[in-house]
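Engineer: The structure is given below, and queries will be raised subsequently.
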Amino acid sequence: MFTQPIPTIRRDGDAVVILDQALLPHACELRRLTTLEEVATAIHSMQVRGAPLIGATAAYGVAIALATDASDARLDHALTTLAATRPTAVNLHWALGQMRERLLPLAATERPAAAWREAEAIHRDDAEMCAAIGRHGYAILERLAAGLDRPLRVMTHCNAGWLATCGAGTALAPVYEAQARGLAIEVWVSETRPRNQGLLTAWELREAGVPLRLIADNAAGILLARGEVDVVITGADRVAANGDAANKVGTYLKALAAREHGVPFYIAAPFSTVDFGCADGGAIPIEDRGPAEVCTVLGLDSDGAVKSLRLAPESTAAANPAFDVTPARCITGIITERGVCAPGRLRDLYPDAAR
Ligand SMILES: CSC[C@H]1O[C@H](OP(=O)(O)O)[C@H](O)[C@@H]1O
């Protein structure tokens with residue numbers, strides 16, 4: 001199974017060590033989180049990001065909180081604090097629900113050890129789901145590449161690679177599987193303003209030796225119109241029961257252009273991203289991250305120091321919805337750990353799912 005070049009998160013005693021993604025790709029730094037508050041801040045500030053990784057990190061946050069006090073009140077405080085960090089990625093709320101279900105029935109004395117076991121199980125299961133998504137997604141890429149005398153050209157948006165998960169990633173898992181199996185592939189990487197998570201994807205792929213070209217988000221349309229894209233694959237933060245999918249802002253525009261030009265558009269997401277409690281995309285909460293991210297950009301100055309630069313004057317009004325919703329009609333299929341289905345057929349893959 002795929003091994004993360006640097007663990008996105010790992011337990012260290014009663015703490016966790018994360019890779020600080022707010023500095024990547026300009027600097028690669030680890031952070032040791034020892035308190036519930038540090039974990040909550042790491043999720044909210046996007047030092048840790050990516051729907052599945054956010055879920056696993058929140059689970060570890062509960063374990064850290066209970067290490068010193070495993071009372072009902074402490075458990076409730078931890079769950080509430082972590083749930084408030086980011087609204088859109090249902091993985092966060094799913095993981096906290098798993099922790100609540102597992103820990104509430106236990107005596108306080110049993111909770112600390114059980115919390116670490118459950119968080120580690122969520123971590124391990126995510127890595128296995130990523131690997132399965134890679135295998136199922138690879139079958140699609142292999143079919144699309146059949147007969148080509150050139151590399152298959154994949155477009156993706158934001159970062160849904162190993163950095164966003166506990167394993168190989170979701171949207172990029174099929175890409176890594178293709179590379180491992182010798183299928184010629186190249187990736188259009190959309191920069192993904194305003195936080196530019198596409199730079200994380202470019203960093204991942206370059207480190208892995210996968211050919212890529214970084215593009216401005218707005219260049220996706222002409223590439224699709226010119227027939228320079230064979231398939232679009234993105235991750236998701238929440239997939240509603242009818243197959244509508246919330247993902248990083250800008251995904252919807254790519255799906256519209258892909259549909260217009262007959263290019264298949266896939267969402268890759270594990271069960272922890274599916275929310276049968278949401279009937280459709282209209283019920284998915286969309287995070288608003290405030291104007292600062294739109295008006296600034298992180299980069300390196302002439303001395304190679306990581307700096308935040310102001311793009312727009314301080315007084316500039318800005319809107320910053322962090323996600324958008326792609327309607328099921330624009331989605332060719334959803335690649336899950338249980339297989340690939342049409343957007344409205346998720347129940348076929350998860351007949352046993354309660355929520
Ligand atoms: C593996 S899906 C990751 C998903 O989460 C990202 O959001 P963020 O970077 O704000 O945490 C993005 O929507 C990705 O598609």
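Cβ coordinates are placed from backbone N, Cα and C, and glycine is handled just like the others.
Quick paste from TrEMBL:
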- ASP237: active site, proton donor (ACT_SITE)
- ARG49, GLY50, ALA51, ARG86, GLN197, ASN247, LYS248: substrate binding site (BINDING)
- CYS158: site 'Transition state stabilizer' (SITE)
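Show me how these features fit into the shown structure, please.
Structural biologist: For ASP237 (active site, proton donor), the same-chain residues that are 6 or more apart in sequence and have a Cβ closer than 8 Å to its Cβ are ALA51, THR88, ALA89, VAL90, ASN91, ALA246, ASN247, LYS248, THR273, PHE323.
Within 10 Å of the C-beta atom of GLY50 (substrate binding site) sit 29 other C-beta atoms, taking all shown protein chains into account. GLY50 (substrate binding site) falls outside any helix or strand according to DSSP and counts as coil.
For CYS158 (site 'Transition state stabilizer'), the same-chain residues 6+ apart in sequence whose C-beta sits under 8 angstroms from its C-beta are SER190, THR192, GLN197, GLY198, THR201, THR234, GLY235, ASN247, LYS248, GLY250, THR251.
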Engineer: Could you check the binding-site residues GLN197, ASN247 and say which one's CB has the most other CB atoms within 10 Å?
Structural biologist: ASN247
Engineer: Report the residues of the chain - excluding ARG49, GLY50, ALA51, ARG86, GLN197, ASN247, LYS248 - with C-beta within 8 Å of the mean position of the site's C-beta atoms, for the recorded substrate site, in sequence order.
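Structural biologist: Filtered neighbour residues, in order: ILE54, ALA89, CYS158, ASN159, ALA160, ALA164, GLY235, ASP237, ALA322, PHE323.
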Engineer: Within 10 angstroms of the C-beta of ARG86 (substrate binding site), what count of other C-beta atoms is obtained when all protein chains are considered?
Structural biologist: 23
Engineer: Hey, does DSSP put CYS158 (site 'Transition state stabilizer') in a helix, a strand, or just coil?
Structural biologist: coil
Engineer: Taking only same-chain residues 6+ apart in sequence, whose CB is under 8 Å from that of ARG49 (substrate binding site), what do you get?
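Structural biologist: Spatial neighbours, sequence-distant, of ARG49 (substrate binding site): GLN21, ILE43, ASN159, LEU163, ALA164, GLN197.
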